[in-house]
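A.B. asks: So TrEMBL says this about it:
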- 1-48: region 'Disordered' (REGION)
- 23-42: compositional bias 'Basic and acidic residues' (COMPBIAS)
- 148-169: transmembrane segment (TRANSMEM)
- 189-210: transmembrane segment (TRANSMEM)
- 231-255: transmembrane segment (TRANSMEM)
- 327-348: transmembrane segment (TRANSMEM)
- 368-400: transmembrane segment (TRANSMEM)
- 421-438: transmembrane segment (TRANSMEM)
- HIS434: active site (ACT_SITE)
- 444-463: transmembrane segment (TRANSMEM)
- 475-494: transmembrane segment (TRANSMEM)
Amino acid sequence: MSSFLDSTMVGEEKTSLRKRLSKSRENSEEKEDQRSPSKESLETPSNGRIDIKQLMAKKIQLTAEAEELKPFFMKEVGSHFDDFVTNLIEKSTSLDNGGCAITSFSVLEGENNHRAKDLRAPPEHGKIFVVRQSLLDELFEVDHIRTIYHMFIALLILFILSTLVVDYIDEGRLVLEFNLMSYAFGKLPVAMWTWWAMFLSTLAVPYFLFQRWARGYSKSSHPVVHSLFHCFLFMVFQIGVLGLGPTYVVLAYTLPPASRCIVILEQIRFIMKAHSFVRENVPRVLNSAKEKSKTIPVPTVNQYLYFLFAPTLIYRDNYPRTPSVRWGYVAMQFLQVFGCFFYVYYIFERLCAPLFRNIKQEPFSARVLVLCVFNSILPGVLMLFLMFFAFLHCWLNAFAEMLRFGDRMFYKFFTKRFKSAAMLAVFAVSAVVHEYALAVCLNFFYPVLFVLFMFFGMAFNFIVNDSRKRPIWNVMMWTSLFAGHGVILCFYSQEWYARQHCPLKNPTFLDYIRPRSWTCRYVF
């Protein structure tokens with residue numbers, strides 16, 4: 001049934017596209033008739049010989065018409081193909097998951113003019129996972145896109161050569177030191193055993209609490225009290241153990257910034273993983289109890305363990321898997337991650353550190369701020385691209401390949417309902433979480449990122465929505481994004497250097513949240 005529906009949808013899409021192309025062809029033929037009132041001039045002459053000039057003119061004309069149709073065709077394909085595939089998957093899944101009231105005949109009859117949105121999977125089914133490549137892997141198959149990747153590699157080589165040449169000229173020798181990187185990743189063993197403690201507790205406690213609640217829910221005489229008790233224990237674990245524990249470790253042991261980032265980012269990931277596991281499985285147990293089923297849907301430990309490492313925050317008992325692991329691909333992804341680390345190091349060493357180290361003894365002013373922001377835009381943009389590529393592409397794809405996790409489209413959402421409310425919630429939660437991570441990792445509170453997220457970013461996102469397709473809006477979006485990262489790099493770097501070179505003997509709580517760069521004069 002689903003295959004018959006698939007072929008029908010493909011036929012409908014092709015028919016609609018063929019109609020658009022035929023209309024465009026009719027318009028071009030009308031223009032051609034207006035330009036040439038007679039077709040006899042393009043026919044062979046009376047002597048039976050073909051006029052080469054007329055044949056070439058016809059060929060050029062047909063080529064021009066094909067070039068006119070090509071952008072239209074590509075635009076139509078690009079705008080409809082993703083929606084077509086998504087709707088096709090959602091329809092097939094809704095039919096396979098108990099959609100007994102929907103048959104192929106009711107769909108094809110079109111009695112109520114059913115559209116794709118009427119056949120989408122119910123909200124509780126959530127995201128649909130399918131085997132597909134990541135976005136960048138698909139783009140890198142295009143030679144022009146891969147050229148941009150090669151340009152970034154060439155730029156990294158130039159950064160390395162620039163550092164080596166400058167050091168050789170200034171010092172008379174090659175200075176192969178990574179003082180900044182060794183400082184940032186200091187006390188790494190403390191971060192590692194903290195990670196192991198977080199991992200083991202996340203593996204044991206949420207699974208044990210959920211299993212105990214699920215097996216006792218239908219047998220309990222007071223299911224509400226039973227549920228509230230286990231919910232309280234789970235919240236204590238999330239807030240007290242995963243929330244406060246790692247934060248206390250990084251502050252008590254005064255971990256450097258990069259080691260702090262490892263602990264705090266993994267802390268956030270484990271909290272979201274545990275929440276997703278409970279959130280996706282509780283409705284299944286409630287439905288099972290409602291139907292008085294003898295089988296309690298409790299996932300196995302192996303399924304939960306796989307989810308803890310899988311590159312997704314949406315729990316499923318099973319995910320689509322690839323047939324084998326390409327270990328060469330895994331090695332290449334990790335190699336690119338380490339390459340991006342060194343890339344960021346050289347960018348900061350050559351473009352950022354001299355900028356802030358050369359700030360003279362000037363008070364904080366608008367002039368100093370403006371110069372700092374515009375000088376920080378280029379390194380900020382490069383770091384943005386590198387962090388996106390290193391983590392959201394290379395790191396996630398490496399773990400996906402090792403786990404044979406099939407769905408590499410990590411950013412695909414499953415519905416457009418409540419888009420504004422969902423976007424508002426995402427901006428608010430993301431702003432708070434990002435600001436918390438930066439505050440703990442840098443050891444000071446400076447809510448620049450929060451302000452940019454919640455006010456400027458959110459307002460601009462709602463103004464430049466999906467209905468605005470003109471290039472000027474896309475240019476404005478990228479301009480604001482690049483300028484925002486320049487502001488973030490400038491403000492946080494200034495504050496970091498101010499706290500390093502203008503320390504306070506007995507800092508109070510207000511000193512941790514009051515910007516030091518506004519009152520400090522740098523002495524280098």
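Just so it is clear, glycine is given a Cβ too, placed from its N, Cα and C backbone atoms.
Since this is a predicted model, take the numbers as computed values, not measurements.
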A.B. asks: Verify whether three or more Cβ pairs under 8 angstroms connect the transmembrane segment (475-494) with the transmembrane segment (368-400), leaving out any pair fewer than 6 apart in sequence.
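C.D. replies: Contact confirmed: at least 3 Cβ pairs fall under 8 Å.
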A.B. asks: Write out the long-range same-chain contacts of the residue listed as 'active site', meaning residues 6 or more apart in sequence whose Cβ is under 8 Å from its Cβ.
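C.D. replies: Expected: LEU449, PHE450, PHE453.
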A.B. asks: Against which stretches of its own chain does the transmembrane segment (421-438) lie, if we need a Cβ under 8 Å and a gap of at least six residues from its ends?
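C.D. replies: For the transmembrane segment (421-438), the sequence-distant neighbours (Cβ-Cβ under 8 Å, at least 6 residues beyond its ends) are 261, 264-265, 268, 446-447, 449-450, 453-454, 457-458, 461-462, 492.
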A.B. asks: Hey, does the transmembrane segment (327-348) touch the transmembrane segment (148-169), meaning at least 3 C-beta pairs closer than 8 angstroms, sequence gap 6 or more?
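C.D. replies: Yes; at least 3 Cβ pairs under 8 Å.
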A.B. asks: For the transmembrane segment (444-463), I need the partner stretch with the highest count of C-beta pairs below 8 angstroms, choosing only from 189-210, 231-255, 327-348, 475-494.
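C.D. replies: Checked against 189-210, 231-255, 327-348, 475-494; highest Cβ contact count belongs to 475-494.
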A.B. asks: In terms of Cβ proximity under 8 Å, which residues at least six beyond the ends of the transmembrane segment (327-348) contact it?
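C.D. replies: Same-chain residues near the transmembrane segment (327-348) but 6 or more away: 152, 156, 159-160, 163, 178, 180-181, 379, 382-383, 386-387, 389-391, 394-395, 397-398, 401-402.
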